[in-house]
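Lifted from TrEMBL, the feature list:
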{"type": "BINDING", "residues": "2", "note": "Ni(2+) binding site"}
{"type": "BINDING", "residues": "73, 76, 90, 93", "note": "Zn(2+) binding site"}
Ligand SMILES: [Zn+2]
C-alpha cells in the first residue's frame, strides 16, 4: 500500500524533527497534500494511525490541508488554480500544459506539540 509507506516517512520525519526541536509530545502533524499527489486522503489518515502505533508520537493527529492544482499556462503567461485536476488544461485558452506549480506535493509543514 502506497499510503502506508508515505505515512511511515511522515512519522519518521516528525520524530526526527521533534527530537531536533526538543518537543516532548507531538499533538498533531500538519501536512499539505496536493490533489494531484496520487495519495488518497482517507487512506493516508488510516495508514497514519497504523504507522504511529508503538512510536513516540502515537496518538498524534494528522491534519491534512488539501492543495489544489495550480498550473502555469505559457500561452497566457498566467497562473491558474484548477477546480478539477483532470484534464490539465488552461481554463482560459484550453491549451495543455505540463507546468504544474502546486498540487503534487506531500509536505509536512508544521508540528504541533509541547516542548
Ligand atoms: Zn492559457
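Backbone N, Cα and C define each Cβ position, glycine as well.
Heads up, TrEMBL stuff is auto-annotated, nobody curated it.
Structure with TrEMBL features highlighted.
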residue : record              : contacts (Cβ under 8 Å, 6+ apart)
2       : Ni(2+) binding site : 38, 39, 43
73      : Zn(2+) binding site : 79, 80, 90, 92, 93, 95, 97, 99
76      : Zn(2+) binding site : 90, 92, 93
Determine the binding-site residues, out of 2, 73, 90, lying near ligand 1 in the sense that the CB is under 6 Å from one of its atoms, and give them in sequence order.
73, 90
Counting across all protein chains shown, how many other Cβ atoms sit within 10 Å of the Cβ of residue 93 (Zn(2+) binding site)?
11
Identify all same-chain residues not among 73, 76, 90, 93 whose C-beta atom falls within 8 angstroms of the centroid of the Zn(2+) site's C-beta atoms; report them in sequence order.
74, 75, 78, 80, 91, 92, 94, 95, 97
With H, G and I counted as helix, E and B as strand and the rest as coil, say where DSSP puts the residue listed as 'Ni(2+) binding site'.
helix
